[in-house]
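**Student:** Right, I'll just put the structure down here and ask away after.
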Amino acid sequence: MAEYAAQGKMPEVLFFVGCAGSFDDRAKKITKAFVKILNNANIDFAVLGTEEGCNGDPAKRAGNEFLFQMQAMMNIEVLNGYGIKKIVTACPHCFNTIGNEYPGLGGNYEVMHHTQFLKSLLEDGRLKVEGGKFKGKRITFHDPCYLGRANNEYEAPRNLLEKLDVELLEMKRSKKNGLCCGAGGAQAFKEPENGTKDINIERTEEALETTSEIIATGCPFCMMMMTDGVKAKNAENKVEVMDIAEMIASADDL
Amino acid sequence: MQYIPNIIFFIVLVAGVGYFTLNVRKLIRNIKLGRKVDASDNVSQRWSNVFRIALGQSKMVVRPIPGLLHIIVYVGFIIINIEMLEIIFDGLFGTHRVLSTILPESLYNFLIGSFEILAFLVLVGVIVFWIRRNIQKVKRFWAREMKGWPKSDGNIILYFEMVLMILFLVMNAADQQLQALGAAHYAEVGAFPISQFIAPIFSGLSEASLVAIERGAWWLHIVGILVFLNYLYFSKHLHIILAFPNVYFGRVEPQGKFKNLDSVTAEVKMMMDPNADPFAAPPEGATEAPSKFGASDVMDLTRTQLLGAYTCTECGRCTSVCPANITGKLLSPRKIMMDTRDRLEEVGKNIDKNGEFQPDGKQLLDNYILREELWACTTCNACVEACPVSIEPMSIIMEMRQYLVMEQSAAPQELNVAMTNIENNSAPWPYNQMDRLNWKDEN
């Protein structure tokens, strides 16, 4: 983004990569897949790069409002400094926090989840998606809590899957009733409390019941939890966990 | 002498309504112990929620069987209460079925007939509810927090409703026999689609015994209703009243939007302002003590949260969808609400006794809600979504976490590590912020 600013240009959209998308090996693949799609569709976009910081969601949900607001204000300073208007992110946590909680602290942007953004590209005819290798495949979609219940977006990811001509199989608990993967509320950074089962195992079992070949999701943290769940169930050769952006990128063989 | 029943009725009515009013005032006082909330926004959305969610029961029918039964009991309960007008008038003025002398006969018969059908449906619904609780043993009614009083409370309410409906039908049955006998006072009015099947039981009884049965059922019915009214305050059944205000004050923003603490904003802004003087004396007139961060007791919660605690009818839909609870963790969102109410009641009794709250060495945190419960929440909002009356157990969990972290620095060790990382290198993991763009050049 600094380069854009130096040239006095303004990108169409800012891609807020997020911590997982920047550092987690699995999530980085989602980042790259999404960037491939953006490049392929000739979208003029920028990233903050080293000027980006954690949006503060895990700190806030863990109860550390100070740390959250520090992070938020720093990001807002940077974003406002560049005059950013529109943000897209591949992480529902960044999406929710920046979209819902930054306005109260002086950060007002149009924020889109990457599935919403891709859907809008399709509608505008700037992106074409064909089923390719996913045509007819049995696929279930795991609703990320911070995209679904938190912000009522259930259709954008499903619309994209429909475009891939997949056979969409819903889990018993989906959409409004979707079961959390177990990562939210800063749980991703700690061991779970004592119980009879881990949440990601419960959710993975439910996904496996659908006999899907792919578990699709739209969140790097759900990705981690579901991938771990699939490993724990020794189902790696039966089912793959993929982000919708990865599916679209690989369907088009980008 | 002939006015004695009317006088007794008047006394019973005043005592019943009076004691209830007293308790409602106590309830309002207790709720006002919480922090004020501003609910002046989105007025039309709030009313629409009241009509849709509270009156229209839109979230109850998410589970069709209990939802439908609940609607029957609810509609029955409300409509049969029209009959209360007649009962109160008759009781005060010694009339019998006064509405029949005012309304056209066909309308009166229609009303009584529909009351009877509704009473029967309510009876059936309540019996099915009892079976679901006690024979089918639906899991959410048998959770850890449902032992003892909460379990009896649930059943007592059902017994109350069964008895009240039976008394209403018995009263009508005896009335029919008396009408048939042409007894004085018992004019031939009303339609009795249900109690006509009970009436034959009383055939052949003397007029005096029939009058005794009819009057007995009438008195027990009205006294029962007054007792039930007063039972509400001590029971989870308060939801029949509080569901409406609770939905009104409920959330009108996206569920993912958590409130930003204004007190923190002020401090953070000062921290980021190079010209701020950290040692500056507080401005003139600022006598208010700095507020506590987060909540450790009921007084730290908002009035909406406390109202929610009284509104909760312990149906357990929240707990049955909670990912932590499903996987055997200690956390149960329903217990969060029940604990909040229990503690609020304890604080209320303390105030009754001492005039104002005297510290009792207890608080909501630790004495009621354990830290292990609080840290198990994934903030997934499933409990909030599931609640048929817009209660938000999750918001209480979040405010108690804020207290633990910001007042006590008592987060689990691993979270402290993640938060230190965020503080130092702006990511929850120990990676350098300068490496944030490395993915660009990796394969």
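Using N, Cα and C of the backbone, Cβ positions are placed for all residues, glycine too.
From TrEMBL, here are the annotated features:
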TRANSMEM  B:6-24  transmembrane segment
TRANSMEM  B:68-89  transmembrane segment
TRANSMEM  B:109-131  transmembrane segment
TRANSMEM  B:156-174  transmembrane segment
TRANSMEM  B:216-234  transmembrane segment
DOMAIN    B:303-333  domain '4Fe-4S ferredoxin-type'
DOMAIN    B:366-397  domain '4Fe-4S ferredoxin-type'
**Student:** State, in range form, which of B:6-24, B:68-89, B:216-234 has the highest count of Cβ pairs under 8 Å to the transmembrane segment (B:156-174).
**Tutor:** B:216-234
**Student:** Using Cβ atoms and a strict cutoff of less than 8 Å, what residues sit near the transmembrane segment (B:68-89) while being 6 or more residues removed from its termini?
**Tutor:** 13, 57, 60-61, 95, 97-99, 111-112, 114-115, 118-119, 121-122, 124-126, 128-129, 161, 168, 218, 221-222, 225, 240
**Student:** Looking only at residues six or more beyond either end of the domain '4Fe-4S ferredoxin-type' (B:366-397), which have a C-beta under 8 A from one in the stretch?
**Tutor:** 49, 53-54, 57, 59-60, 62, 239, 242-243, 246-247, 250-251, 255-256, 295, 301, 304-305, 308, 311-313, 315, 317-324, 329-337, 339-340, 342-343, 404, 410, 412
**Student:** Give the nonlocal contacts of the transmembrane segment (B:6-24) in its own chain as ranges (CB under 8 Å, at least six residues past its ends).
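**Tutor:** Result: 88, 91-94, 222-223, 226-227, 229-230, 232-233.
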**Student:** For the domain '4Fe-4S ferredoxin-type' (B:366-397), provide the mean pLDDT of the predicted model.
**Tutor:** 97
**Student:** Under DSSP, the domain '4Fe-4S ferredoxin-type' (B:303-333) has how many residues in helix, strand and coil?
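**Tutor:** Once the DSSP states are binned, the domain '4Fe-4S ferredoxin-type' (B:303-333) shows 19 helix, 0 strand, 12 coil.
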**Student:** When DSSP states are grouped into helix, strand and coil, how many residues of the domain '4Fe-4S ferredoxin-type' (B:366-397) land in each?
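**Tutor:** Reading the DSSP string over the domain '4Fe-4S ferredoxin-type' (B:366-397) gives 16 helix, 1 strand, 15 coil.
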